[in-house]
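These come from TrEMBL:
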- B:6-29: transmembrane segment (TRANSMEM)
- B:41-74: transmembrane segment (TRANSMEM)
- B:86-108: transmembrane segment (TRANSMEM)
- B:129-146: transmembrane segment (TRANSMEM)
- B:171-202: transmembrane segment (TRANSMEM)
- B:214-234: transmembrane segment (TRANSMEM)
- B:240-257: transmembrane segment (TRANSMEM)
């Protein structure tokens, strides 16, 4: 207990000049990266730019071939990898998936499934889930561990646009509620930007870094993604003042529950977003 | 009770099936059928070396099967050939090496058919002790290893990131495979050992809702296959190993039959 309190002042993960080399080629090199408690760090970059390699090095799945990676002692990591495929011969329900790496109380499991919006799928076999539902299940599994550091490798892949906004919203809520650090890989800039403290743009090395607004303006970013990127990719600044509950009611920010969101809504996406998610 | 050779074979076979079920589930989930086959084929080399150095047969098989799996890991790391090709090379060359060595050892009579296809007559009280002692040890270690091994089966990176050391789990799992191959050899024979791991597990899939449930179902299916197969072997004078495998196959086929209104698990698709 004493140790974790003492350690909480420092960074959860600190990479200094880290590089990974495979088959004579540097996958990524010269990465400096720090994640602190309550901070969201997003990695962006083109395919093959070393994003996944960087996060795997940060959490110790890969050992760096140069530079150093320092993690807080007894750091608890929750990890959602880019690709998980479960052989269909393995009978695995969502509930069982939740208990994959550690035992769990009923209450905590229900709470996490509720938070991820898939409480109704607790008993379903994971092979029957849609892409978006499976991502939510993996996210629920990672966050139920109450990790110090939540690591998400392209968590919105295979999720439609409305689901994507909802997932990012959920990730921010997790951060706000638990105060964990979040290391995120994103294939796009525009949605996650608004919630991110630091964006690191990778292309085999750190190409640029800073707050979302700074990165968007930097010449390196423009060079990497083309001159039009800054025009077409708008920062998605938005604020939800309500949450849609599974039964169709609406929870407002002050905690009260209402039947509709009409009088309160900042922007109306209620019908469309929910229906699309249910269909998928 | 154990004076009768048939009773001894039955007791030994049931013990083996109970052990092979849970282990076989992992072989199926991790898609290691060919890997298991390769380790089993190397067992004959183990038999030959055991005769040569006059050590216990099971110990010889265990050591050689372990070495074969370590060799495979090493060659995989080198990355010169695909795993598939490496398995093919190791599987058949260890079997051929074993056969050639046995042929050279003209001073001892070896019942080759017995080793390849199993021999119920050969089961001694000592073998039964080894099967139950070894089997209990294997199941105990597997229970201890269950969580990291299952997590690594679902996703190695999650297991690694969350501190479950999947590499160690995988190595211990290979030792367990080697142990089961060593104790299974006399009952079903080298060429059919993997089927005792895989077919009962596949038959149990239909009836299981959890990984643990499937392990138990696989054990039960294996016990049924052993009891049915050995009985058939006695009545029809067929070789014991193949008879057990044929009964296991029948059980597997029965598990595929759909109940009238039941919607089977076969339809649940490959999406993930």
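Note that Cβ sites are derived from N, Cα and C of the backbone, with glycine treated the same way.
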For the transmembrane segment (B:171-202), distant same-chain residues with Cβ under 8 A (at least six beyond the ends): 9, 12-13, 16-17, 19-21, 23-28, 33, 36-37, 39-41, 43-44, 46-47, 57-59, 61-62, 65-66, 69-70, 95, 114-120, 122-123, 127, 130-131, 134-135, 137-138, 141-142, 145, 149, 214, 218-219, 221-222, 225-226, 239-242, 244-245, 248-249, 251-252, 255
Stretch contact, the transmembrane segment (B:214-234) with the transmembrane segment (B:41-74), Cβ-Cβ under 8 Å, 3+ pairs: no
Stretch of maximal Cβ-Cβ contact with the transmembrane segment (B:41-74) [cut-off: under 8 Å; candidates B:6-29, B:86-108, B:129-146]: B:86-108
Long-range environment of the transmembrane segment (B:129-146) - Cβ separation under 8 angstroms, sequence gap at least 6: 12, 15-16, 18-19, 22-23, 58, 169, 172-173, 176, 179-180, 182-183
Positions whose Cβ lies under 8 angstroms from the transmembrane segment (B:6-29), at least six residues beyond its ends: 35-36, 120-121, 123-125, 127-128, 131-132, 134-135, 138-139, 142, 149, 153, 173, 176-177, 180, 183-184, 186-188, 194, 196-198, 200-202, 204-205, 211, 214-223, 225-227, 229-230, 234, 240, 244
